[in-house]
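Noted in TrEMBL for the protein shown:
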type	residues	note
BINDING	His74, Gly115, His116, Ser117, Gly147, Ser148, Asn175, Tyr286, Glu367	thiamine diphosphate binding site
BINDING	Asp146, Asn175	Mg(2+) binding site
DOMAIN	316-480	domain 'Transketolase-like pyrimidine-binding'
Amino acid sequence: MKTILEAINKPQDLKKLSHEQIKLLAEEIRHFLICSVSKTGGHLAPNLGVVELTLAIHKVFNSPIDKIVWDVGHQSYVHKVLTGRRDGFATLRQFGGISGFPKISESVHDFFGTGHSSTSISAALGMALARDIADDKEHILAVIGDGSLTGGQAYEALNHAGHTGTNMIVILNDNEMSIAKNVGAMSEYLSKIRTEPKYTKIKQDIEFLLRRIPAIGESVAKTVERVKDSLRYLLVPGVLFEELGFNYIGPIDGHNFELLSEVLEKAKKMQGPILIHVLTCKGKGYKPAECNPDKFHGVGPYCIESGEVIKNGNTPTYTAIFGETLLHLAKQDKRIVAITAAMPEGTGLKKFAAEFPKRFFDVGIAEQNAVTMAAGMATKGMRPVVALYSTFAQRAYDQILHDICLQKLPVLFALDRAGIVGEDGPTHHGLFDYSYLRHIPNLTIMAPKDENELRHMVFTALNTNGPVAIRYPRGSGLGVPIDQSLQQLTIGVADEVKNGTNVAFLAVGSMVETCIEAREILASEGILASVINARFIKPLDEQMIRKVCKNFVIIITVEENVLAGGFGSSVLEYIHDQNIGGVNVLRLGFPDQFIEQGARKQILAKYGLHAAGIASTAKSYVQKIKV
Ligand SMILES: Cc1ncc(C[n+]2csc(CCOP(=O)(O)OP(=O)(O)O)c2C)c(N)n1
Ligand SMILES: CC(=O)[C@@H](O)[C@H](O)COP(=O)(O)O
Ligand SMILES: [Mg+2]
């Protein structure tokens, strides 16, 4: 027999279903997601939490005429299922498959692409204002989580939206979780609204009175309004949003489809900006995810029965190596403090947080605050370490430049997930950091070739009197034996790891090992390559470059970064500026385009940045130059 889900190919198919059928459909969707994501991996818990909410939105509104903006977009799977992409889930987040985030090119129902957090209210506001100018009539919705509401941009947008008074609906999906437990004063405020029954009771009483106003006359109505006004500071939940110019509705049970539909129908008819506060349970309907919403926030393939994640290998990740090294150093140096922007687990800081709770700060999804706060701490003699994903550090470019580097403050940026991150795709690849950091004066930039070098770099950075960024990739290291001692590296000095005569690879970070492998392939074809581990993107080892230019006519720079403005560019700039002639430089890295999702290995291979690809390109180049 056909399931209800199998008959849903577009949002309009929902309209004819009864509430009873929608409840069954919600169960089927949960079952579908649990099975599907167990094979592909993905953001399971956030999606299990928004099943009823997404159903209600699509039942009440009319996508794609009405526009829905999903903040971060990691919770858009139910939306994708309901908008004709159910069959695509076998390829979710894989190379060539459907994205784990809303994507304009994927569907007309994905009206706005997301991936980085806290953008939805701004985008929805822009759409609403454009609609007003065009005198169009559609509804505009932003769905934002409580975690994403810790991001500064969300407040900038609330502030502006309330001021414009335009018609738009913000749905705040409050599950008390960011990836980890949500943090901050706003989170506490929401929690107060959620748990203070007196708020809800008195609000209901006032609303009851107000509803009866037409029967009791104008003057009483005014009195009740005044009472409402004077009491609301104390009694009405969401007064903060009301003061910002929003009509606040809530808190309401986000798993009650009837109630959600009723509230959305009402909101549809109201004027001005509206904020609907919805309470949900992250991971709803799958015990392992309900009990461990952080583990199932974004998860690899897992066993459905046990909830055990299927492991691939035991080699420690760069993240773990960084976390342990920092913890080790923090035991000896009380000035070391660690800062994360809502990613304590993802950046390897959980043990640090447990051991040094007073020296650990989770600022929420607030990369800008993280960086300038670190600047403030550094002025007071601390040694702040700001651990961010490379892609999210983009948010804090000006703070890095203006607050840290201009003042030469000794802050360490630990930039995790640099290079290709894999299945999260173009919104998350950390392919730009060499380019957006390299031109900032006073900043030292390093990239380790392996786990040991990462350890030495963390040690070196914390003994350097100025700002330093270290960038390293997502996932396992090379599995090298870990050195017990930590070494102070000389700033700006590269390391020749393999010698050769025909061609020199100037490689950086993850590409050093790949070039060593490429060298083996080339050797079997009679081409002898030298491999230089640049270690420093800034300052460049100029002496080494001069030496290489003297000894080789062919230099190939290799980096896991976009070519535009990257490491190779800096080598070329130096060679050009010094008027060094007689060398041919080929730059390998990523082209000037956004790079798709897919397993890291797969993507590196597609762009010729695996050993075979580098060897093949090098061979052709050597042959061309010789001709
Ligand atoms: C700028 C930025 N920083 C960090 C992240 C990583 N991140 C993705 S989802 C998330 C938590 C979001 O919490 P919430 O909005 O409450 O959604 P939930 O997963 O609880 O549904 C974080 C920190 C991001 N996507 N963007
Ligand atoms: C949606 C989001 O931004 C995060 O959940 C991200 O997907 C985490 O990536 P990692 O799996 O690399 O920690
Ligand atoms: Mg949340």
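Positions of Cβ are set from backbone N, Cα and C atoms, glycine also.
Those TrEMBL annotations? Automatic predictions, nothing curated.
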Item to check | Rounded mean pLDDT for the residues that make up the domain 'Transketolase-like pyrimidine-binding' (316-480) | outcome: 98
Checklist entry - Under 8 Å Cβ-Cβ from Gly147 (thiamine diphosphate binding site), six or more apart in the same chain: what's there? => result Ser117, Met177, Ser178, Ile179, Asn182, Ala342, Gly364, Ile365
Checklist entry - Could you give the Cα-Cα distance between Asp146 (Mg(2+) binding site) and Asn175 (thiamine diphosphate binding site), in whole Å? => result 7
Checklist entry - Where does Glu367 (thiamine diphosphate binding site) sit in DSSP terms: helix, strand, or coil? => result helix
Checklist entry - Got a sec? Which of these binding-site residues, His74, His116, has the most Cβ atoms within 10 Å? => result His74
Checklist entry - What same-chain residues, at least 6 away in sequence, bring their CB to under 8 Å of the CB of Glu367 (thiamine diphosphate binding site)? => result Ala341, Leu388, Phe392, Ala393, Arg395, Ala396, Gln399
Item to check | Asn175 (thiamine diphosphate binding site): tally of other CB atoms within 10 A of its CB | outcome: 23
Item to check | Annotated binding-site residues His116, Asn175, Glu367, filtered by Cβ under 6 Å to ligand 3 | outcome: Asn175
Checklist outcome for this item: A correct count of other C-beta atoms within 10 Å of the C-beta of Asp146 (Mg(2+) binding site) gives 25
